[in-house]
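Asks: Provided herewith is a single structure, encoded as structure tokens, for subsequent inquiry.
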Amino acid sequence: MNIILMGLPGAGKGTQAERIVKEFDIPHISTGDMFRAAVKNETPLGLEAKSYMDKGHLVPDEVVIGIVRERLSMDDCAKGFLLDGFPRTVPQAEALTATVKELGREIDHVININVQREQLIERLTGRWICPVCGASYHTMFNPPKEAGVCDKDGGKLYQREDDKIEVVTQRLDVNIAQTQPLIDYYSAQELLRDIDGEQDIQVVFAEIKSLLRG
């Protein structure tokens, strides 16, 4: 079972990825992990990727695809895989389709965990941290007893720069613009399945499981 998992920041993709790979006994393959492993193992493609990254340049698609191909060729992918964070563009998606085909396989499912923009903003801007003890709170999921104050030591909670609404909104809008062409691409291939990510975590996973077993 070969799966691509899509979802914007805050959609709960990481949580569902963990559950899927455990349920179906397939490896969770993220681009970050792939790159780190290739660089650490000093594979020719890993070293080539590192030379671009060291200069602050984007790694060319052909190198990225080469690293993906190496990873998908490993023994632990024999029963399938879950790809997370790749592809990011339509050319990468086309190259991935060709690569998987060359390996005698195909992409079976593309799952998009769908959450409305306003809900994502609320999720992503809800984290507040205590400067004294480092405790983390969330206004939606784990609020302090008194707003803005740490339960443990009374420290005044603060918000990281990355969690502020201006930064979150900009990051989300960039992601939405990048993701839409991929959604269109996989929709046209009749591979894409939208899952409502605004439901309870257990319900989201139950729907994904039902889809994959169907």
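Backbone N, Cα and C atoms are what each Cβ position is placed from, and that goes for glycine too.
From Swiss-Prot, for reference:
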type	residues	note
BINDING	Gly10, Ala11, Gly12, Lys13, Gly14, Thr15, Arg127, Ser136, Tyr137, Gln199	ATP binding site
BINDING	Thr31, Arg36, His57, Leu58, Val59, Gly85, Phe86, Pro87, Arg88, Gln92, Arg160, Arg171	AMP binding site
BINDING	Cys130, Cys133, Cys150, Asp153	Zn(2+) binding site
REGION	30-59	region 'NMP'
REGION	126-163	region 'LID'
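Would you situate these features in the structure and describe their surroundings?
Replies: Non-local neighbourhood of Tyr137 (ATP binding site): Arg127, Trp128, Ile129, Cys130, Pro143, Pro144, Cys150, Leu157, each in the same chain, at least six residues away, with C-beta under 8 Å from its C-beta.
For Val59 (AMP binding site), applying a Cβ distance below 8 Å and a minimum sequence separation of six or more within one chain yields Phe35, Ala49, Tyr52, Met53.
The DSSP breakdown of the region 'NMP' (30-59), given as helix, strand and coil counts, is 21 helix, 1 strand, 8 coil.
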Asks: In the region 'LID' (126-163), how many residues does DSSP assign to helix, to strand and to coil?
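Replies: Taking each residue of the region 'LID' (126-163) in turn, the totals are 3 helix, 11 strand, 24 coil.
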Asks: What are the other residues, in sequence order, whose C-beta lies within 8 angstroms of the center of the C-beta atoms of Cys130, Cys133, Cys150, Asp153 at the Zn(2+) site?
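Replies: Nearby residues not in the site list: Pro131, Val132, Gly134, Ala135, Asp151, Lys152, Gly154, Gly155.
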Asks: Take every residue in the region 'NMP' (30-59), average their pLDDT values, and give the whole-number result.
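Replies: Over the region 'NMP' (30-59), the predicted model scores a mean pLDDT of 91.
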Asks: Sort out the sequence-distant neighbours of Gly12 (ATP binding site) for me: same chain, 6+ apart, CB within less than 8 Å of its CB, listed by position.
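Replies: When sequence neighbours closer than 6 are ignored, Gly12 (ATP binding site) has Ile113, Val115, Gly197, Ile201, Val204 within Cβ distance under 8 Å.
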Asks: For the binding-site residues Gly10, Thr31, His57, which one has the sparsest Cβ surroundings, going by other Cβ atoms within 10 Å?
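Replies: With the binding-site residues Gly10, Thr31, His57, fewest surrounding Cβ atoms within 10 Å: His57.
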Asks: Need this for a regression test: binding-site residues Gly10, Gly14, Cys133, Asp153, filtered to those with Cα within 10 Å of Arg160 (AMP binding site). What's left?
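Replies: Close binding-site residues: none.
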